[in-house]
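Residues or ranges marked as disulfide bond by TrEMBL: Cys557-Cys566. What TrEMBL lists as domain 'EGF-like' is 80-126, 127-167, 531-567. The domain 'SEA' feature in TrEMBL is assigned to 424-536. Taken from TrEMBL, the feature signal peptide covers 1-31. Summarising the annotation, TrEMBL assigns transmembrane segment to 592-616.
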Amino acid sequence: MFFTQGIHIVTMELGHLILICASILLVGVHGQTTELYQTTEDTTTLFETTAEAAATEFQTTIETTTDDTTDPVVTESAADIDECTTFQLENRHNCDDLATCSNLDGSYTCTCNSGYSGNGLDGQCQNIDECVNGTDSCDTNAACTDTAGSYTCTCDAGYTGNGMTCADADECFVKSDNCTDNEKCINNVGGFTCGCQTNFFRVDGVCTGSVSLNLVVVFSQILGMSAVDNLTAVDTAANRIELADDVFSVLNSSSTVGPDLLGVAITDMTNVTNGTSVTFLVDLDAATTLTEAQVSQAFVDGLTGAANDTVAPDSLIESGSTPTVAVPDINPCEEGTDNCYALNYQQCVYESSNVFSCMTCLSGYAAPSVVGEACTEIFPCDNSTVSQACADQGFVDCVHDGPGESHCENCLPGWTMVGSQCERLQKFQGSARLEDYGGMTAEFTEDLTNSSSSAYIALADDICTFLTAATGSSICQILGFSNGSIIIDYILLFPEADNSTASDLSASILSADTATGSLALTPSSVSLVDISAFCEFSSCLNGATCSIDSNQIVCACTTGYTGSDCGTAVTTPEVVTPIAVTAAPDGLSTGAIVGIAVGCVVAAIIIVVVLVVVIMKCTGKSKVGIREQEPDEIPLADQHQH
């Protein structure tokens, strides 16, 4: 038994020795740095493995059983470290900030981002100047401007478009020219010129009044070239000027027309049977008395050649044709005297002299109900279908951008803007204490209080990279850092369909922290709280405003409504107006006062009647006594006294 156990012990020790030797050999191999470069046109990919970098970690497991006769089984497994996401400084990738790191089994690649060239390693990605290289997609009538990693295209002056496609801009129609009064704008490719309107001629740079006449001549030969079915060759700017000068010489030689002649210009060239019809605009002094017939005759009289059919020196009039002179029609569309653009139309149509019509409303405008009136601007947000489309996407506002244009803005409370869309994302607010970072003890510094500092940005980026990889979150937001090693406050957002829970996410974070060894979090400090709450347009009724407060929907009711969802109308109590009654003095009622007053009046009347009766009786007795006593009868007493 002792012998057997001894052999078993020796066997185990021998196995350990072999394992140690194998480990030394592995360190010897992986202790050397191996670099392999795979070069493409713009990118060189670096594969780098070191023992210390642990591109591959060998884990040793010793399995034992209760059976003393069974030797230990040693197995080896390789665990790849993702250099693109690890925070351990000795293991981290060496890709340029303008490159993308892609993890491989035991290595990684660096690829410069679009718009940059190089091998992808730190400091090796350089901006590509597409404008200089000629690899841009700008229109030939656009300017290319190089930017970091890209470029922009801007249409040249006189053109309109997005820069990739540019078209001539009609400055004349949109009245963006700088032509003055009595001038008309003449559109050219990429620009415009200003000429005098009909019945005006430029004198000393100013268009002054004149008399304009049209001279129409059919030529079989122009400036020595055939004018039959050859309009492209003969109708050039230079040929027009030269032929107009020749006709001016013919008219100017006339003693009748010459003194009043101001100038000649060609306004039209058209293919006709057996030649080219040319319209000359002849301007005469504003005070001229010449008639159309006189001007026509002066032109014919000035022709040369055996058949009097030549405008010297080498332009032939088609035989059988007769030059004509007439008062020109006034085309408001060409003269620039129309108002179509001001009425929001995109086309002016000439109908007859001084008569025009406006056709086709500008984009973003609707045709008027009455012909001739202005096109009306379209406000898409006034359309319930458009505004409802914003609401259906979780937006609060439909914003008017101009005629016929709008966009949705401001996500409903609780919703999150992802790209250009509002989405219902589960929101978790979390906190954790960072103890170790990049293989070193995490220490809080003052820089971490400033969200604009490089230290804050770098740490926030690393933490969000870790949290996103650990939880699969769609969006990570760092709320801030505080002292206590380093306290991290953050927000994680997930698609609502994920049905994430705070406990599952906490477990994922702790598991990733343990597995990668990239950073060390205090396990007890990792906490997450689901703070998801979403306002809907149906959350609050009767025009109330929805908001989120402490993860709860709060409705701010409009006047006249109440309730948690503002669905209850406020009942206004009926107002009863009391009738005003003057209160009687204390002690006597109104009836008593009236009774007393009536009694006093009756008593006064009785007294008056009694007095009258007494007076009348007294007066009657006095009269009777006087009649009964004679004047000579003197009482005895009185006699005695005498």
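Using the three backbone atoms N, Cα and C, a Cβ is placed for every residue, glycine included.
All TrEMBL annotations are machine predictions without curation.
Only residues 6 or more beyond the boundaries of the domain 'EGF-like' (127-167), in the same chain, are considered here, and those with a CB under 8 A from a CB of the stretch are 98, 113-117, 189-192.
The DSSP breakdown of the domain 'EGF-like' (80-126) into helical (H, G, I), extended (E, B) and coil residues amounts to 0 helix, 18 strand, 29 coil. When pLDDT is averaged over the domain 'SEA' (424-536), the result is 89.
Counted within 10 Å of its Cβ, the other Cβ atoms near Cys566 (disulfide bond) come to 21, all protein chains included. Remark: Cys557 (disulfide bond) has Cys540, Asn542, Ala544, Gly563, Cys566 as non-local neighbours, by Cβ distance under 8 Å and separation of at least 6 in sequence.
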